[in-house]
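One structure below.
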Amino acid sequence: MASDLKIETEKVYDDPEKGTADAIVPVYPRDEKQLEVVQYLEVKKSETKEAPKKPTPKPRKKVSRWIRFKIWFNTYRKFFCFTFGLNMIGLGLAASGHFPYAIQQSGAMVVGNLNFAILMRNEIFGRILYWIVNTAFAKWTPLWWRLGCTSVLQHLGGIHSGCALSGVLWLLLKVVNAFRSHQLQHDAVLVMGVVTNFAVMISALSAFPWVRNTHHNVFERHHRFVGWIGLLSTWAFVILGDCYNGVTKTWDLSGVDLIHHQDVWFTIGMTIFIALPWICVREVPVDIELPSPKVAIIRFERGMQQGLLGRISRSSIMEYHAFGIISEGKHAKYHYMIAGVQGDFTKSLVNDPPRTLWTRQVKFAGVSNTSTLYKRGIRICTGTGIGAALSTCLQSPNWFLIWIGSDQEKTFGPTISGLIHRHLEPERLVLWDSKKRGGRPDTMKILKEAYHTWGAEVVFITSNYIGNTEIMEGCKDAGIPVFGTLWDFVSNFDKRGFSKHH
């Protein structure tokens, strides 16, 4: 049927060049049957044409296994291995009867570890530690020393985890020993030992990375509220155990002997360290700016020093979320937080903007707080990571900012753009708009050029999990000192991919 089809053609001329044939345009027959055949042949012809190939993305540079291992086995894991390993040696000696102190003062081993774990997460203690290091060692000490100070301060969580898990196991050993000598123990002591064990175990297990990263609210509720139950039951367990004399089967309620027990003082310290941050909780007025459906800019009164993060919530005791703080300095009128709209909490800021929020007035220090240790540095961030990075560059002319994002001025609004353009000179600023430039940049090329041109000593990263890993590997491979994002407190990033505003 196709061979019987005749298609007439006519010449088409361009007006300026009459008489010159530009193209042969088919004039299709009006017969429906023939028209169907023509359409069928055209479809088949178009299918045989080779589809245009998409541009091949630049392959990610592979780094050695040794570099990946060094990034993985960071100071956090070194601290954890040291504290946990040391405790396990002591636990083994105590269980075999070769550690008399731990056998006699088993309560002190439990509460001492828990006390130290809580201290490592105390905002006030952390701020004091950062202040001492920043004041004593800024700029004049060797670079390796300053890098070591930053690494230690950033990874104190390793001591927290190691001591907390060790405390749980010491507590388990103490309760097991109490049941083994149950004839010398009162039933109330045994019951409280079991209750304390369960509460502390649940609190510790809820803080495991998988739970913390994938079920934040579950982590927070169990780690906090079950932890408080654990604190109360610890007090009961310690007091009952220290006041009961198993030999005479009598209670000494005078309290004279109680104050001579080490575990009592450790428990007092633990209670103080837990209570102090909550004493600083206040409900404060806020203004919410919504420059786009993707971002909420939260404005608070009073200025802040650089390198701090704050926890905020709609409730006084539940669902606290941490965000980086942007401020022009201590004497500024306002400070800001950028909340990327991803979870239920941040979505509620857009859908139902509050007039007040609960926050801890004592903010906690992040890795950027050690920027004062260095003569010059580079702060690289993606998307909403600008919230943790910008203050350092606003408050110090010695820091270079690289911000990679999508349509930043429209997404983040005039407030953030105004802060950048007022305070950062073009020679210490790279803004990469992936929407305008057609995609992500060669990040390591930009970073290496800026690092050498600026004469930087260190690079600080705030990005999501994949971006952070790529830059960390690239910097380690190039021999550039670098510190990246930690995933135990940052809540406004998605580990599964690049930031939604990247």
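Glycine too: its Cβ is placed from the backbone N, Cα and C atoms.
Automatic, uncurated: that is what TrEMBL annotation is.
Sequence annotations record features per position, and here TrEMBL assigns transmembrane segment to 75-95 (among others).
Taken from TrEMBL, the feature transmembrane segment covers 157-176 (among others).
Taken from TrEMBL, the feature transmembrane segment applies to 188-210 (among others). Residues of the same chain lying 6 or more positions beyond the ends of the transmembrane segment (188-210) and with a Cβ under 8 Å from any Cβ of it are 114, 161, 164-165, 167-168, 171-172, 174-175, 178-179, 182, 218-219, 222-223, 226-227, 229-230, 233-234, 236-237, 240-241, 244, 487-488.
Within the chain carrying the transmembrane segment (225-244), a Cβ under 8 angstroms from the stretch's Cβ atoms is held by residues 107, 111, 114, 178, 185-186, 188-189, 192-193, 195-196, 199-200, 202-203, 206, 250-253, 257-258, 261, 263-264, 267, 270-271, 274, all 6 or more beyond its ends. Residues annotated as transmembrane segment in TrEMBL: 225-244 (among others).
Per TrEMBL, transmembrane segment is recorded for 264-281 (among others). Within the same chain, residues 108, 111-112, 114-115, 118-119, 122-125, 228, 231, 234-235, 238-239, 242, 258, 316-317, 358-362 sit at least 6 positions outside the transmembrane segment (264-281) and bring their C-beta atoms closer than 8 Å to a C-beta of that stretch.
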